[in-house]
């Protein structure tokens, strides 16, 4: 695994600004509201030709009666335990605080490289005020401005030099990316924590607790996965605050990054219009999909309950009729193992390649059994087929009239391919391409 670098500090000292600066894009949400970053946020970064995983954390506050603040503190402590190198960020404008002193004392006992950094140092006056931090007696003190990129490269050059040498690099092709999406408060974070076996994401009954997309690398059955827990996708009318708008965009980007999308549905509420919108995003992006119906244990059930729920999903999501459905309880752990079993099975289909000879045999049989409808009075002829890609499996079918193939016939061919080659759980893409008779 690549080495890990954790950025920790009090709320609103600029951790996410530094994180975004190093990542090179808006990955963590930045806002003046303290506590905006609540979970640990992971991203792969390369600096000075050295790849490493950067961790952004929620604010590290003194012990508080507020449960959410306590959880954020616990997340920061976990990040420090995971990390190979720690960047402790302080606020040059706010000055030295008792919280800073408390954390510094704790970090003195950590047996790993720690970089003490004063952020928001933008001018000579503030530089002088940052002198208060030298009273901590911590030796080397770095002053930077993450917002204006002052001193950041010098800091990171030293951080990279302190990284343990990694013998292996993260192979993107070897990792299955799983996005966990759904409306707020359907149990996404609880499901993630149950899958991982520990509290990786802050789970709280308040809707919208997870604001950023949170990435976690883990292994299951000797295979590697990247689990992306997204902020809940709300209705457009409810995303008036800029913070919520960023979260929705981040959720949609997470779907784009994923191979497999877990669409979480609240069993207590059934399928909603917003569930359909979320599933539509995943379908349009060409992702393998699995419906995960959570809180199944809370329903009063009879012999027909399961069948009715399956029928509702199949009816509302006709375009995702190929997607498997798993009924779970993230809270109790009921049938949680089925989720990763389905992910593994679906990913195998999503990555599958079919031999050209087998593909053309099935293609020819399908065309012979049911000819394509005429187009403008002309017969649509097909010549041969080839698979040109995976994730999703993509096929090019050569024909004399690529624009004349009716969508219903495309669906017919897709169903034949799915049936013949067991593409359960995976979308398929068909491209009709013209071919001159002389070719």
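Quick reminder: no glycine exception, Cβ is built from N, Cα and C everywhere.
Per Swiss-Prot, GTP 1 binding site is recorded for 9-16, 56-60, 119-122. The feature GTP 2 binding site is assigned by Swiss-Prot to 182-189, 229-233, 294-297. For 3-167, the entry in Swiss-Prot reads domain 'EngA-type G 1'. What Swiss-Prot lists as domain 'EngA-type G 2' is 176-351. Annotated domain 'KH-like' per Swiss-Prot: 352-436, in sequence order.
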DSSP helix/strand/coil residue counts for the domain 'KH-like' (352-436): 32 helix, 22 strand, 31 coil
Most crowded position, judged by CB atoms within 10 A, among 15, 121 as binding-site residues: 15
Model confidence over the domain 'EngA-type G 1' (3-167) (mean pLDDT, whole number): 79
Residue 12 (GTP 1 binding site) to residue 185 (GTP 2 binding site) - Cα separation in whole Å: 25
C-beta crowding around residue 185 (GTP 2 binding site), within 10 angstroms: 18
Lowest local Cβ density among 12, 57, which the record lists as binding-site residues, within 10 Å: 12
Residue 188 (GTP 2 binding site) in three-state DSSP notation: helix
